[in-house]
């Protein structure tokens, strides 16, 4: 069997399972009144496509089999345009025209923005402009932010199950937790002496910490739902 085909099949299986777990976890938490799960899947997948395509093709020049497994297999199965189309059609047919239009607008704008941000961050990393953020204390700080976000998401899901706050209040709590993680990360970078030179590095630190907070908070929520 062609090695690239095997790599694509393996990556595709992992991507499909990841999409199933993440989207179902989000739908179980937020409900199915709006396609939150598919939107998150496509936006996060677009970011990873932009970031990893630059890193794997332009910077490290990995073998075709590795690129095929990740970019074609995993991300191809993880993201889903067909589900986005079906969910949007369902919203139109049930008369939720505003939700359908909002889903189209958010999906197009956020996915394009995410793939651009991912590609730009990867290119800046390649020329060393964000090296200070992931070297020395910066790496430990971002690692701690990821761990704290995971624990916060897990604890929040358990608290939500007991308190019964409702989707709106739960969303506000998660936005507040995300803000705390981002602010705490930036403060820790400054306190430990990590040099943020120029607007791009400051913006890069904000983007990385916000992305890490959202991803690991969501992962904690999904894990807690699965454990429950």
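Placement of Cβ uses the backbone N, Cα and C atoms for every residue, glycine included.
Per Swiss-Prot, the feature Na(+) binding site maps to 76, 79. If you look up Swiss-Prot, you'll see 3-23, 37-57, 72-92, 101-121, 141-161, 172-192, 202-222 marked as transmembrane segment, on the strength of sequence analysis.
Listed in sequence order, the residues of the same chain lying 6 or more apart from residue 76 (Na(+) binding site) and placing their CB within less than 8 Å of its CB are 8, 11, 12, 15.
Between the transmembrane segment (72-92) and the transmembrane segment (3-23) there are 3 or more Cβ pairs closer than 8 Å, counting only residues 6 or more apart in sequence, so the two stretches are in contact.
Secondary structure from DSSP puts residue 76 (Na(+) binding site) in a helix. Residues 29, 133-134, 170, 173-174, 177, 181, 184-185, 188-189, 192, 194, 208-209, 212-213, 215-221, 223-225, 228 of the same chain, all 6+ positions outside the transmembrane segment (141-161), place their C-beta atoms under 8 angstroms from a C-beta of that stretch. Sequence-distant neighbours of residue 79 (Na(+) binding site) (same chain, 6+ apart, CB under 8 A from its CB) are 19, 41, 42, 45, 46, 49.
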